[in-house]
Amino acid sequence: MNSLVTIDWLALGPVLAPAAGAVLVLVLDALAPRLARLHFVVALLALLAGAALSVPGTVQPADRPVRTLCLPAPEGACLYEAGPAASALQLVALVAAAVVLLLAWPGAAPETLRLRGGPAVEACLILTASAGAAGVAAAHDLGSWLVCLELATLPVIALVALRGTAAAGRGALALLTTSLVSFAMVVLGAALWVLATGQAVFAGGAVASALADAQRRPVLVLSVLLLLAGLGFKLSLVPFHAWTPQAYAGGSEPVAAFLAATSKVAALAALLVVLGPLVAAQGPVLVAIGIVAALSMTVGNVLALVQDDPVRLLAWSTVAQAGWVVLPLSAASALSVAASSGYLAAYVLATLTAFAVVHVVSTAPAARGVGADRRTLAAYTGLLRSHPLLGGALGLALLSLAGLPPGIIGLVAKVLALRPVVDAGQWTLAAVALVNAVVGVAVYLRWFAVTLRDPDRGPTAAVVRRVPRSAVAGLAVATLLLAATSLMPQLLLGLVD
Amino acid sequence: MILVSLVLPAAVAVWLLSAGRVVSHKWDNRITVTATVLTLAAVIVAVITRPEVDRPWVPALGLRWHLAVDGISAPLLLLTAILGVGVVVHSMDRQPSGGTPGAFHACLLLVEFGALATFYARDAVLFFVAFEVVLVPMWVLISRFGDPHDRRQRADAAGRFVLYTVFGSTLMLLGILALVVKAGTADLDVLARAAGHGIPVGTQVLIAALLVAGLAVKVPVFPLHTWLPPAHTTAPTAGSVLLAAVLLKMGTYGLVRLPLATVPDGFQRVAPYLAVLGAVSIIWGGLACLAERDLKRLIAYSSVAHMGFVVIGIASGTQTGLQAALFANVAHGVISALLFVVVGGLKDRWGGTDLRTARAAVREVAPRLGFALVVGLAASLGLPGLAGFWGEFLAVYAAWSPADDRPLALFRTIAVVAALGTVLAAAYALRVARVVWAGERREPLIEDSRDSEWDVASVLVLATLVLGVLPGPLLALTSGSVAALVGGGP
């Protein structure tokens, strides 16, 4: 007897490897609870295996994606379909998670900053959320799409809450509430999708026929708008962004980095899956995306300009960058998907590097007599001179986010994101982007200028005495990737094309 | 050779920033001088042999390393490479204040790298990327190594510089993207050959307006010039020289390369407005110079006025006008470099540049500096026989008889206004000469120019004289490419 669906285990690797890793970590925790480092090694290997397995998908031609879980003919729809852009997003999400894992390595941070529940729980949650992120990028039916989307979100709430402080509790609560609201919207949108297209699969044909039908068209448009709103929460797009600074500032820096990197990749990947069949111009949807993009950029940049806590600054910068990420999607252009994924990948690399530096500066063992709050910009005074490598990495990350050479990858990403907008002749949106490019430069240069000052006036020289080795590894990976892609942007952009 | 002249400064800059941090100022300077001299040699060879480099860089964007030299870029490349050596030699016995010498020299090298890459670029998007490279090093030069008196003023000037230019260059990027999307290629040679065929005139006007507006910030043209005076005033001497002599040229070079060459029909509609703003720049800059009390800021305003002539030349649409613009570009590069070396030196000696403070007459106490200052001022007012004359004379002439498709009456008015501007130039140059140079006071005594400063100043004085007496070679260098761009015409 033939099985109902065909399964290609290797193709499912990017999702299965982290998921299996999570189970393995739990088993190990039961057998040998004291070997915390071993848990992390297993977790790291699982993530790297997943990342390696996602590479073949990035080199496939766009019209022949990696497929599996296919229903038998005649329908032949596949529930798992990863084109080059989706595979690239999987790769970025898993590599980002690996860097986060290195930053959160047990024993690196002082005891007071450890999460409750022990390292095994932490590693397991990171792995689960990564599996969800990898899954949602390739999910091709509503059921697995919804499950993976929530799988990518819920563990992060726990990660924020596990820090155990009051601020973490507030952040987790904000995240939980918004997740619930967004889940409600997404489910409603999914229901309307089924109503409009008659299928629970994201397929171009059914969507086209629904669009052609005057009665079903508004239902589909409403469904997409609801899905967009729900995903807007996860991407922290204005007006669904309010949780972002709270959750970032509440969690530890590695968790904030995870929220800013892997979670964002999951949300954008989910959005691209929905918009994929909708490539044909969709007036109201495109206008909605455009408005949301413009609002996010403006609000995010303006509020980032007045922050003094680097984590909050990065949180607001995430809001602004999320606007840039969806900006190309507002133009119904063949370039949009690649542009959006490419911009996201560049942003993830830069923001990970920045978070890694923030983590090191905030938690590295302090010299005697330095008890001051290190989550202020003033703590970075003279970092470039007192710690050239930390300062250099931070500088490169900030300039990439600002889109100024030597952070060429950021500049190229901005060109990439603006091209579809100009192509579609959306000059209003282009004008908003222009203003925000300038404000964005002001945001990041403000921080960069602090690192350039004379070190003797700030406390940093004494603050960072010794940097934990695992954090250095995470920082080095992120920085080297950033530097390599700045020299050869094709390394990154070639993945999504 | 093109690649050598690009890789060399960039590599040395990276080395200075990383491994070279511990090296002393003296050795930093020696290494940088060697690097810039070798770069100059490579540029000279490239200008003579005219090689071409073309290899893909970011296929996802269609971005290529397409670099070449032609008559339009050759003078600017030479100017950049020569001044690159000049500013480094100038800082030989002057320890930069405010940061490590390694960072200072690395920033100078990176600015040179960015400017050379901009002038080499034959790909519109690469042009934009190279255009942006100079921003951060120049920002560091102004905010870290600038005027040591006032940190807030430094931060303000540097921030204003970088935000204005980012605004301009992003505007230019929108224009470039529109052009590239419409024309289907980013190759500037192909775009120039197509000269906008196949693009509707309305779109051409839009593209030209975006490009002109974006580049006008960099030039700068009134009313987008307000970043320039504070940036010039605050920057260290080497930074001011590079800013005036090289960075502003990137703006005018871009005007020739992008709107004028690629969308001529659109540029034709925008040109009258540009010319009017150029004329306003001349008058505004001249008037500001008459009233300005800070010597360094005064020289900065005079740059605004001089760039007005260049803009008018470009806008006239004739071969003469373009030749005049390119000549005035180089001449202004040399003259402003000279003036900033002298004025920067005076600022270091005086501790300030307020013209109201009574000081010893430079003629009496520092004859060499005084001589260089007078030559610079005389060239700046457009005295025949010095570099400033030809460019401005020809620009006014070109505005008097513009191309057939330009409004004649308007351009004639502009020519008259520009000619009045030269009178203003004479007035402020003489004012400065009277206040600073002439007089009998000998107190407080200042040291005269010597060593590296005097070497650089004397080379620039010589260049001013040579360009003034023998404009032929430079005009001949540009004429071929200019004829190809404008085609026929007077």
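Here, residue 1 is simply the first one shown, and the rest follow in order.
Positions of Cβ are set from backbone N, Cα and C atoms, glycine also.
Keep in mind the model is a prediction, meaning the values are calculated, not measured.
So that you can see what the record holds, here are the features copied from TrEMBL:
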- A:139-438: domain 'NADH:quinone oxidoreductase/Mrp antiporter transmembrane' (DOMAIN)
- A:6-28: transmembrane segment (TRANSMEM)
- A:40-59: transmembrane segment (TRANSMEM)
- A:88-108: transmembrane segment (TRANSMEM)
- A:120-138: transmembrane segment (TRANSMEM)
- A:144-162: transmembrane segment (TRANSMEM)
- A:174-196: transmembrane segment (TRANSMEM)
- A:219-243: transmembrane segment (TRANSMEM)
- A:255-279: transmembrane segment (TRANSMEM)
- A:285-306: transmembrane segment (TRANSMEM)
- A:388-409: transmembrane segment (TRANSMEM)
- A:429-449: transmembrane segment (TRANSMEM)
- A:470-492: transmembrane segment (TRANSMEM)
Report summary line: Within the same chain, the residues 6 or more beyond the ends of the transmembrane segment (A:144-162) and with Cβ under 8 Å of it are 15, 79-80, 115-117, 121-122, 125-126, 128-133, 135-136, 168-169, 171-172, 175-176, 179, 183, 186-187, 190, 202, 234, 247, 250-251, 255, 258-259, 262-263, 266-267, 270, 273
Query raised in the report: Any chance the transmembrane segment (A:388-409) and the transmembrane segment (A:285-306) have 3 or more Cβ pairs under 8 A, given the pairs are 6 or more apart in sequence?
Result: no
Report summary line: The recorded stretch from A:88-108, A:285-306, A:429-449 sharing the largest number of CB pairs under 8 A with the transmembrane segment (A:255-279) is A:88-108
Query raised in the report: What parts of the chain pack near the transmembrane segment (A:429-449), using Cβ distances under 8 Å and only residues at least 6 beyond its ends?
Result: 290, 293-294, 297-298, 301-302, 304-305, 310, 313, 317, 320, 323-324, 327, 330, 377, 380, 394-395, 398-399, 401-404, 414, 417-418, 421-422
Query - Maximum Cβ pairs under 8 Å to the transmembrane segment (A:6-28) - stretch from the list A:88-108, A:120-138, A:285-306 - result: A:120-138
